[in-house]
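Participant: As annotated by TrEMBL, domain 'Tetrahydrofolate dehydrogenase/cyclohydrolase catalytic' applies to 3-114. What TrEMBL records for 133-274 is domain 'Tetrahydrofolate dehydrogenase/cyclohydrolase NAD(P)-binding'. If you look up TrEMBL, you'll see G159, R160, S161, I225 marked as NADP(+) binding site.
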Amino acid sequence: MILDGKAVSEKRLELLKERIDESGLYPRLATVIVGEDPASQMYVRMKHRACERVGIGSVGIELPADASTERVLEAVARLNNDPDINGILVQLPLPSGVDTTRVIDAVAPDKDVDGFHPYNLGRLLAGTPVFAPCTPQGIMTILEEYKIPTEGQRAVVVGRSIDVGRPMAALLLNADATVTICHSKTKNLEAEMRDADILVSAIGRAKFVGPEMVKEGATVIDVGINYDDQGKLCGDVDFEAVKDRAGAITPVPGGVGPMTIATLMENTFRAAKLRTC
Ligand SMILES: Nc1nc2c(c(=O)[nH]1)N[C@@H](CN(C=O)c1ccc(C(=O)N[C@@H](CCC(=O)O)C(=O)O)cc1)CN2
(Lines of atoms letter the chains of each structure in order from A and count residues from 1; the text may use other names and numbers.)
(Lines give C-alpha, C1' and ligand atoms only; values in the text may rest on other atoms or scores of the structure.)
Protein backbone atom coordinates (compact mmCIF):
# COMPACT_ATOMS: atom_id res chain seq x y z
CA MET A 1 0.00 0.00 0.00
CA ILE A 2 1.26 3.45 -0.92
CA LEU A 3 0.80 5.99 1.89
CA ASP A 4 -0.30 9.06 -0.04
CA GLY A 5 0.88 11.97 2.09
CA LYS A 6 -0.16 14.47 -0.55
CA ALA A 7 -3.79 13.25 -0.39
CA VAL A 8 -3.78 13.21 3.43
CA SER A 9 -2.34 16.73 3.52
CA GLU A 10 -5.03 17.99 1.10
CA LYS A 11 -7.75 16.49 3.29
CA ARG A 12 -6.25 17.97 6.48
CA LEU A 13 -5.88 21.42 4.91
CA GLU A 14 -9.52 21.41 3.75
CA LEU A 15 -10.63 20.41 7.24
CA LEU A 16 -8.42 23.04 8.84
CA LYS A 17 -9.80 25.77 6.59
CA GLU A 18 -13.31 24.92 7.82
CA ARG A 19 -12.17 24.91 11.45
CA ILE A 20 -10.46 28.28 11.06
CA ASP A 21 -13.52 29.78 9.33
CA GLU A 22 -15.78 28.54 12.12
CA SER A 23 -13.46 29.80 14.87
CA GLY A 24 -13.67 33.45 13.86
CA LEU A 25 -9.91 33.66 14.48
CA TYR A 26 -7.35 35.04 12.08
CA PRO A 27 -4.10 33.23 12.98
CA ARG A 28 -0.86 34.76 11.75
CA LEU A 29 2.45 33.10 10.94
CA ALA A 30 5.81 34.85 10.52
CA THR A 31 8.57 33.15 8.57
CA VAL A 32 12.24 34.08 8.84
CA ILE A 33 14.63 33.05 6.09
CA VAL A 34 18.33 33.86 6.12
CA GLY A 35 20.18 33.71 2.79
CA GLU A 36 19.06 32.59 -0.62
CA ASP A 37 19.17 28.81 -0.60
CA PRO A 38 16.74 27.91 -3.44
CA ALA A 39 15.24 24.89 -1.62
CA SER A 40 14.60 26.92 1.54
CA GLN A 41 13.05 29.71 -0.54
CA MET A 42 10.77 27.17 -2.21
CA TYR A 43 9.67 25.67 1.15
CA VAL A 44 8.94 29.12 2.57
CA ARG A 45 6.90 30.02 -0.53
CA MET A 46 4.95 26.76 -0.11
CA LYS A 47 4.26 27.68 3.52
CA HIS A 48 2.94 31.13 2.58
CA ARG A 49 0.72 29.58 -0.11
CA ALA A 50 -0.67 27.07 2.39
CA CYS A 51 -1.39 29.93 4.83
CA GLU A 52 -3.37 31.78 2.18
CA ARG A 53 -5.31 28.64 1.33
CA VAL A 54 -6.50 27.93 4.88
CA GLY A 55 -7.07 31.49 6.07
CA ILE A 56 -3.88 32.14 8.01
CA GLY A 57 -2.19 35.52 7.58
CA SER A 58 1.53 35.41 6.91
CA VAL A 59 4.48 37.76 6.88
CA GLY A 60 7.95 36.92 5.65
CA ILE A 61 11.22 38.33 6.95
CA GLU A 62 14.22 37.90 4.65
CA LEU A 63 17.73 38.46 5.93
CA PRO A 64 20.95 38.35 3.90
CA ALA A 65 23.20 35.27 3.98
CA ASP A 66 25.86 37.22 5.92
CA ALA A 67 23.42 38.33 8.67
CA SER A 68 24.93 37.93 12.13
CA THR A 69 23.38 35.79 14.86
CA GLU A 70 22.54 39.02 16.70
CA ARG A 71 20.60 40.34 13.72
CA VAL A 72 18.57 37.13 13.47
CA LEU A 73 17.95 37.24 17.25
CA GLU A 74 16.69 40.83 16.92
CA ALA A 75 14.20 39.76 14.24
CA VAL A 76 12.99 36.89 16.42
CA ALA A 77 12.67 39.19 19.47
CA ARG A 78 10.53 41.63 17.47
CA LEU A 79 8.22 38.79 16.41
CA ASN A 80 8.08 37.42 19.97
CA ASN A 81 6.85 40.85 21.13
CA ASP A 82 4.40 41.38 18.28
CA PRO A 83 0.88 40.63 19.60
CA ASP A 84 -0.40 40.16 16.02
CA ILE A 85 1.90 37.17 15.40
CA ASN A 86 0.84 33.72 16.68
CA GLY A 87 3.52 31.51 15.14
CA ILE A 88 7.19 32.00 14.28
CA LEU A 89 9.09 29.77 11.90
CA VAL A 90 12.82 30.15 11.26
CA GLN A 91 13.58 28.21 8.10
CA LEU A 92 16.44 25.72 8.52
CA PRO A 93 19.23 25.20 7.75
CA LEU A 94 20.64 28.59 8.72
CA PRO A 95 23.91 29.73 7.12
CA SER A 96 27.00 28.43 8.94
CA GLY A 97 27.73 31.88 10.43
CA VAL A 98 24.48 31.88 12.43
CA ASP A 99 24.24 30.04 15.75
CA THR A 100 21.21 27.81 15.13
CA THR A 101 20.83 26.72 18.77
CA ARG A 102 20.73 30.31 20.05
CA VAL A 103 18.13 31.22 17.44
CA ILE A 104 15.89 28.23 18.18
CA ASP A 105 16.18 28.89 21.92
CA ALA A 106 15.15 32.53 21.36
CA VAL A 107 11.74 31.74 19.85
CA ALA A 108 8.97 32.20 22.43
CA PRO A 109 7.76 28.67 23.29
CA ASP A 110 4.10 29.67 22.84
CA LYS A 111 4.86 30.85 19.27
CA ASP A 112 7.21 27.95 18.45
CA VAL A 113 5.04 26.29 15.80
CA ASP A 114 8.06 24.31 14.58
CA GLY A 115 8.27 22.64 18.01
CA PHE A 116 12.09 22.86 18.10
CA HIS A 117 12.44 24.91 21.32
CA PRO A 118 13.79 22.84 24.26
CA TYR A 119 10.60 23.59 26.20
CA ASN A 120 8.46 22.02 23.49
CA LEU A 121 10.84 19.11 22.96
CA GLY A 122 10.77 18.56 26.74
CA ARG A 123 6.97 18.62 26.80
CA LEU A 124 6.98 16.05 24.00
CA LEU A 125 9.42 13.84 25.88
CA ALA A 126 7.30 14.18 29.03
CA GLY A 127 4.34 12.85 27.06
CA THR A 128 2.43 16.16 27.22
CA PRO A 129 3.24 17.89 23.91
CA VAL A 130 1.98 21.34 22.96
CA PHE A 131 3.75 21.82 19.62
CA ALA A 132 5.44 18.74 18.14
CA PRO A 133 7.86 19.21 15.22
CA CYS A 134 5.94 19.23 11.94
CA THR A 135 7.60 16.39 10.03
CA PRO A 136 7.31 13.70 12.74
CA GLN A 137 3.85 14.89 13.77
CA GLY A 138 2.84 14.72 10.10
CA ILE A 139 4.08 11.13 9.98
CA MET A 140 1.92 10.26 13.00
CA THR A 141 -1.04 11.75 11.14
CA ILE A 142 -0.33 9.52 8.11
CA LEU A 143 -0.18 6.45 10.39
CA GLU A 144 -3.49 7.46 12.01
CA GLU A 145 -5.21 8.19 8.68
CA TYR A 146 -4.23 4.78 7.31
CA LYS A 147 -5.05 3.11 10.65
CA ILE A 148 -1.58 1.65 10.98
CA PRO A 149 -1.27 0.48 14.59
CA THR A 150 1.63 1.64 16.73
CA GLU A 151 0.77 0.03 20.10
CA GLY A 152 3.24 -2.73 20.89
CA GLN A 153 4.86 -2.38 17.46
CA ARG A 154 8.62 -2.37 17.10
CA ALA A 155 9.58 1.00 15.61
CA VAL A 156 13.08 1.81 14.42
CA VAL A 157 14.00 5.43 13.70
CA VAL A 158 17.21 5.93 11.76
CA GLY A 159 18.55 9.43 12.49
CA ARG A 160 18.83 11.41 15.73
CA SER A 161 18.30 15.06 14.67
CA ILE A 162 16.21 17.40 16.83
CA ASP A 163 13.81 18.14 13.97
CA VAL A 164 13.06 14.54 12.96
CA GLY A 165 14.77 11.57 14.65
CA ARG A 166 14.44 12.45 18.34
CA PRO A 167 10.89 13.86 18.25
CA MET A 168 9.81 10.98 15.98
CA ALA A 169 11.02 8.49 18.58
CA ALA A 170 9.21 10.39 21.35
CA LEU A 171 5.93 10.50 19.38
CA LEU A 172 6.08 6.78 18.62
CA LEU A 173 6.87 6.05 22.26
CA ASN A 174 3.91 8.21 23.34
CA ALA A 175 1.83 6.08 20.95
CA ASP A 176 2.96 2.93 22.79
CA ALA A 177 5.46 1.63 20.25
CA THR A 178 8.71 -0.02 21.38
CA VAL A 179 11.27 2.35 19.93
CA THR A 180 14.91 2.05 18.89
CA ILE A 181 16.89 5.04 17.60
CA CYS A 182 19.74 4.20 15.24
CA HIS A 183 22.47 6.53 14.01
CA SER A 184 25.86 6.62 12.34
CA LYS A 185 27.56 4.78 15.24
CA THR A 186 24.93 2.03 15.56
CA LYS A 187 26.36 -1.48 15.31
CA ASN A 188 24.55 -3.93 13.01
CA LEU A 189 22.36 -1.20 11.57
CA GLU A 190 20.92 -3.50 8.95
CA ALA A 191 19.84 -6.08 11.53
CA GLU A 192 18.19 -3.37 13.66
CA MET A 193 16.31 -2.06 10.63
CA ARG A 194 15.18 -5.52 9.57
CA ASP A 195 13.61 -5.97 13.00
CA ALA A 196 11.25 -3.00 12.53
CA ASP A 197 7.50 -3.22 12.12
CA ILE A 198 7.64 0.53 11.49
CA LEU A 199 10.85 1.81 9.92
CA VAL A 200 11.43 5.57 9.74
CA SER A 201 14.42 6.61 7.69
CA ALA A 202 15.90 10.09 8.16
CA ILE A 203 19.41 9.25 7.02
CA GLY A 204 19.90 11.69 4.14
CA ARG A 205 21.43 9.24 1.65
CA ALA A 206 19.73 8.72 -1.69
CA LYS A 207 18.13 5.26 -2.10
CA PHE A 208 20.23 3.88 0.79
CA VAL A 209 17.49 1.60 2.16
CA GLY A 210 17.14 -1.55 0.08
CA PRO A 211 14.83 -4.57 0.48
CA GLU A 212 17.43 -6.47 2.49
CA MET A 213 17.01 -3.89 5.30
CA VAL A 214 13.22 -4.18 5.48
CA LYS A 215 11.10 -6.80 7.21
CA GLU A 216 8.43 -8.33 4.98
CA GLY A 217 5.19 -6.39 5.52
CA ALA A 218 6.80 -3.53 7.45
CA THR A 219 5.59 0.06 7.26
CA VAL A 220 8.37 2.14 5.70
CA ILE A 221 8.39 5.92 6.20
CA ASP A 222 10.86 7.85 4.07
CA VAL A 223 11.89 11.27 5.40
CA GLY A 224 14.80 11.69 2.98
CA ILE A 225 15.09 14.70 0.67
CA ASN A 226 17.88 13.71 -1.72
CA TYR A 227 18.69 13.91 -5.41
CA ASP A 228 19.70 10.93 -7.53
CA ASP A 229 22.39 10.78 -10.24
CA GLN A 230 20.00 12.42 -12.72
CA GLY A 231 19.29 15.25 -10.27
CA LYS A 232 15.78 13.91 -9.60
CA LEU A 233 14.26 14.27 -6.11
CA CYS A 234 14.30 10.95 -4.22
CA GLY A 235 14.15 9.65 -0.68
CA ASP A 236 16.42 7.50 1.50
CA VAL A 237 14.55 4.42 0.36
CA ASP A 238 14.98 2.66 -2.97
CA PHE A 239 11.24 2.88 -3.53
CA GLU A 240 10.96 0.60 -6.57
CA ALA A 241 13.04 -2.12 -4.91
CA VAL A 242 11.29 -1.92 -1.51
CA LYS A 243 7.63 -1.25 -2.38
CA ASP A 244 6.61 -4.88 -2.91
CA ARG A 245 8.33 -6.06 0.27
CA ALA A 246 6.86 -3.34 2.50
CA GLY A 247 3.29 -3.60 3.75
CA ALA A 248 2.97 0.17 3.43
CA ILE A 249 5.39 2.81 2.19
CA THR A 250 5.57 6.60 1.69
CA PRO A 251 6.86 7.84 -1.67
CA VAL A 252 9.16 10.80 -2.28
CA PRO A 253 7.81 13.15 -3.50
CA GLY A 254 4.22 12.98 -2.29
CA GLY A 255 4.76 11.32 1.08
CA VAL A 256 6.07 12.98 4.22
CA GLY A 257 6.95 16.40 2.69
CA PRO A 258 3.41 17.71 2.16
CA MET A 259 2.49 16.63 5.71
CA THR A 260 5.22 18.90 7.11
CA ILE A 261 3.41 21.92 5.72
CA ALA A 262 -0.10 20.76 6.67
CA THR A 263 1.09 20.18 10.25
CA LEU A 264 2.68 23.63 10.38
CA MET A 265 -0.72 25.11 9.52
CA GLU A 266 -2.37 23.02 12.26
CA ASN A 267 0.25 24.11 14.80
CA THR A 268 -0.26 27.77 13.85
CA PHE A 269 -4.01 27.48 14.38
CA ARG A 270 -3.35 25.80 17.74
CA ALA A 271 -1.05 28.70 18.72
CA ALA A 272 -3.80 31.19 17.89
CA LYS A 273 -6.39 29.21 19.87
CA LEU A 274 -4.12 28.83 22.90
CA ARG A 275 -3.61 32.58 22.95
CA THR A 276 -7.32 33.20 23.32
CA CYS A 277 -7.66 30.72 26.21
N1 LIG B 1 12.06 25.51 10.21
C2 LIG B 1 12.03 24.37 9.49
N3 LIG B 1 12.96 24.13 8.58
C4 LIG B 1 12.91 22.97 7.87
C5 LIG B 1 11.85 22.04 8.06
C6 LIG B 1 10.90 22.32 9.07
O7 LIG B 1 9.96 21.52 9.34
N8 LIG B 1 11.01 23.50 9.75
N9 LIG B 1 11.73 20.91 7.25
C10 LIG B 1 12.56 20.79 6.07
C11 LIG B 1 12.05 21.38 4.80
N12 LIG B 1 10.61 21.56 4.65
C13 LIG B 1 10.01 22.54 5.34
O14 LIG B 1 10.58 23.48 5.78
C15 LIG B 1 9.88 20.83 3.66
C16 LIG B 1 10.45 19.85 2.89
C17 LIG B 1 9.73 19.21 1.86
C18 LIG B 1 8.43 19.58 1.61
C19 LIG B 1 7.64 18.98 0.48
O20 LIG B 1 6.44 19.11 0.44
N21 LIG B 1 8.30 18.35 -0.48
C22 LIG B 1 7.63 17.81 -1.65
C23 LIG B 1 8.52 17.97 -2.86
C24 LIG B 1 8.81 19.39 -3.18
C25 LIG B 1 9.77 19.49 -4.37
O26 LIG B 1 9.30 19.54 -5.47
O27 LIG B 1 11.00 19.52 -4.12
C28 LIG B 1 7.32 16.32 -1.46
O29 LIG B 1 8.07 15.64 -0.72
O30 LIG B 1 6.37 15.87 -2.07
C31 LIG B 1 7.84 20.53 2.39
C32 LIG B 1 8.56 21.16 3.40
C33 LIG B 1 13.94 21.41 6.31
N34 LIG B 1 13.83 22.69 6.92
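Along the chain as shown, the residues are counted starting at 1.
Note that Cβ sites are derived from N, Cα and C of the backbone, with glycine treated the same way.
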Participant: DSSP helix, strand and coil counts for the domain 'Tetrahydrofolate dehydrogenase/cyclohydrolase catalytic' (3-114)?
Facilitator: 58 helix, 19 strand, 35 coil
Participant: Identify, in sequence order, the residues in the chain of S161 (NADP(+) binding site) that are 6 or more apart from it along the sequence and have a CB within less than 8 Å of its CB; answer 'none' if there are none.
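Facilitator: In sequence order, A202 meet the Cβ cut-off.
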Participant: Quick one: largest C-alpha distance among G159, R160, S161, I225, binding NADP(+) per the record, in angstrom?
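Facilitator: Binding-site diameter by Cα atoms for NADP(+): 16 Å.
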Participant: Including all protein chains shown, what's the count of other C-beta atoms within 10 A of the C-beta of G159 (NADP(+) binding site)?
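Facilitator: Here the count is 22.
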Participant: Taking the domain 'Tetrahydrofolate dehydrogenase/cyclohydrolase NAD(P)-binding' (133-274) alone, what is its mean pLDDT?
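Facilitator: Summing pLDDT over the domain 'Tetrahydrofolate dehydrogenase/cyclohydrolase NAD(P)-binding' (133-274) and dividing by its length gives 97.
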Participant: Counting every protein chain present, what is the number of Cβ atoms, excluding its own, within 10 Å of the Cβ of I225 (NADP(+) binding site)?
Facilitator: 18
Participant: Give the sequence-ordered list of residues that share a chain with R160 (NADP(+) binding site), lie 6 or more positions from it, and have CB atoms under 8 Å from its CB.
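Facilitator: The list for R160 (NADP(+) binding site) reads R166, I181, H183, given in order along the sequence.
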Participant: Using DSSP, what's the helix, strand and coil tally for the domain 'Tetrahydrofolate dehydrogenase/cyclohydrolase NAD(P)-binding' (133-274)?
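Facilitator: Per-class counts: 54 helix, 26 strand, 62 coil.
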